[in-house]
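Features of the protein shown, as given by TrEMBL:
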type	residues	note
TRANSMEM	B:6-32	transmembrane segment
TRANSMEM	B:44-64	transmembrane segment
TRANSMEM	B:70-92	transmembrane segment
TRANSMEM	B:104-125	transmembrane segment
TRANSMEM	B:145-171	transmembrane segment
TRANSMEM	B:204-223	transmembrane segment
TRANSMEM	B:229-248	transmembrane segment
TRANSMEM	B:277-293	transmembrane segment
Amino acid sequence: MSDRNDHRTTEGAGRVSTEKSTATASDAAGAEAPLLELRDLHVFYGAIEALKGINLSVRTGEVVALLGANGAGKSTTLQTASGMIAPRQGGVLLHGERVDGIASHELVRFGIGHVPEGRRVFARMSVLENLHMGAYRFKRPDPRDLERVFHLFPRLAERRKQVAGTLSGGEQQMLAIGRALMGKPELLLLDEPSMGLAPLIVQQIFDILKEINEQGTTLLLVEQNASRALQLANRGYVLETGEMVMEGPAGELLADPRIRAAYLGEHVEAEHS
Amino acid sequence: MTLFDFWDVLVLGVVLGSLYAVIAIGYTLVYGVLQLLNFAHSEVFMTGGFGGVIALTLVVPVASPSLAQSAGYVVLGICTGALLGATVAFFLEKVAYRPLRRRNAPRLVFLITAIGASFFLYNLAGKLFGRNAMPMPRMYENRTVFTIFDTTINITQLLIVGSGVLMLLIVDHVVNRTKLGSGIRAVAQDPEVASLMGVNIDKVVSRTFVLGGLMGGAAGFLFGTTNQVFYTMGFLPGITAFAAAVLGGIGNVRGAMLGGMTLGIVEAFTVDVFGDAWRYVGAFGALVLVLMFRPTGILGERVARTA
């Protein structure tokens, strides 16, 4: 393995980079280490290689967007980061420490919150019970967290007794995010929070995500809605069939003709490779 | 059928129904967390019966026990039955089912394993304790406690219904009001997301088996107080309780209670009206009838799991 490339050069140089940055196992720890780092991650479903050696890092306080078409491996990336899937090769590092191989129910204690694709609230539990489940790792839920969630999502406060399965899609998404916040995550992984929601609701959710980030939670956001995701994000990555094909500051990705053509549905006269 | 008969038969049905309800809890809890029809649960019940009888045989109850002594015997029997049942259920999960889960075995493999475990356990019991029925040592004189609508209620009936209802209240509290309970319900609804919330699935599954085993084992002992215990005693009550769990809506704890009580009462009336040969025809006929109109059982609801 080569020495670690400083990701900031990528950002500083202001170019869209396709290079892969790998790192030695020894340069762990220290304040320099990103909050989350995926190194040369290879993930298989049986014989199919879903992730072909991807690298990704998220620094404390950032919002990072992970873009890509259906089946590119975005959800797999998040699931590997939260311990639901074990990589065959490569590492998942939190603050420079290897955590791959740790089961998801234990990884929660390291401050990872995962809002899964399709929201997946506990349909037969009430809103309040769902939120309490989010704080399962604690002896009891912190009332301040509950207050925070109800402040962010007043709708949930109104419906706290309602069975979650009867909520609207947008409310379920709010509940899924609120539930993850109850676990006091340092890093929130969000898998397609805008999926199947009306534009107005999507706007609301993204506003709240922004607020959550400003309150100090780092976000890694998987989205099909590339323009919205890049407007919120500091940096972005683009995944194509298991390989990271682009990374860079969000503003530049947003301006990149290839991105505009592929993910924003624009017809641009571009050097389409 | 006279009114006198009605109350008499109803009491018999409620006694039987409490037992079915308590056993059915074990089926429904395990089905909830693993979607597994744990046919070996009838053997957990059987082991509980043997546990109680053997513990009592060892302490040799005195000929005419005082009230305190009688109570002591009963508590000893219930606790030994429950503990032995829980132990068998615990190891059953660890030895038979957990390796299958590790390997993501298909559902059919679980089912065959459950049936195999059931055969193994009752034949093991037959080998260890003999194939003849063991009588329950006399713990108290089974006299009438009170009379209602000209129907006498004796100690054994009161004991079964009383402890049955107590156990149902406890299990309902555990499932709906405790942390273990929210873990159980979360795993039943979405194990993957439950583990993202920090729920240790293995631990929850193991404790679910123990909870069901405690109930099943205690029920085995209670069943023994009306009868004897023998190595195949789990089969028919087990199947009936399983049917009760399905009738109430499998996976639903209160449904299992309701289903157990319903089948107990239906069975008692069928026997009274048509004779003992029809015993299970009534109960299973009721099951078929209910499932024709409500395929998910009485309280079985399927709130769609979104996307």
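Here the Cβ of each residue, glycine as well, is placed from N, Cα and C on the backbone.
Remember, it's a predicted structure, so these values are computed and weren't measured experimentally.
For the transmembrane segment (B:145-171), the residues of the chain that approach it from at least six positions outside its boundaries are 3-4, 7-8, 10-11, 14-15, 18-19, 21-22, 25, 29, 74, 78, 211, 215, 218-219, 222, 225-226, 253, 257, judged by C-beta separation under 8 angstroms.
Listed by sequence, the residues of this chain that lie at least six past the ends of the transmembrane segment (B:277-293) yet keep a Cβ under 8 A from its Cβ atoms are 236, 240, 243, 246-247, 262-263, 266-267, 269-271. Annotation: stretch B:229-248 has the most Cβ pairs under 8 Å to the transmembrane segment (B:104-125), among B:6-32, B:70-92, B:204-223, B:229-248. Tertiary proximity for the transmembrane segment (B:6-32) is limited to same-chain residues at least six positions away from its ends with a CB under 8 Å from its CB atoms, namely 38, 41-42, 44-45, 89, 148-151, 153, 157, 160-161, 164-165, 167-168, 171, 175, 184-185, 187-188, 208-209, 211-213, 215-216, 218-219, 222-223, 226, 237-238, 240-242, 244-245, 248, 250-253, 255-269, 272. Long-range contacts of the transmembrane segment (B:229-248) within the same chain: residues 19-21, 23-24, 26-28, 31, 37, 39, 41-46, 49-50, 52-53, 118, 122-123, 125-126, 129-134, 136, 219-220, 223, 254-260, 262-263, 267, 280, 283-284, 286-287, 290-291, 297-300, each at least 6 residues beyond the stretch ends and with a Cβ under 8 Å from a Cβ of the stretch.
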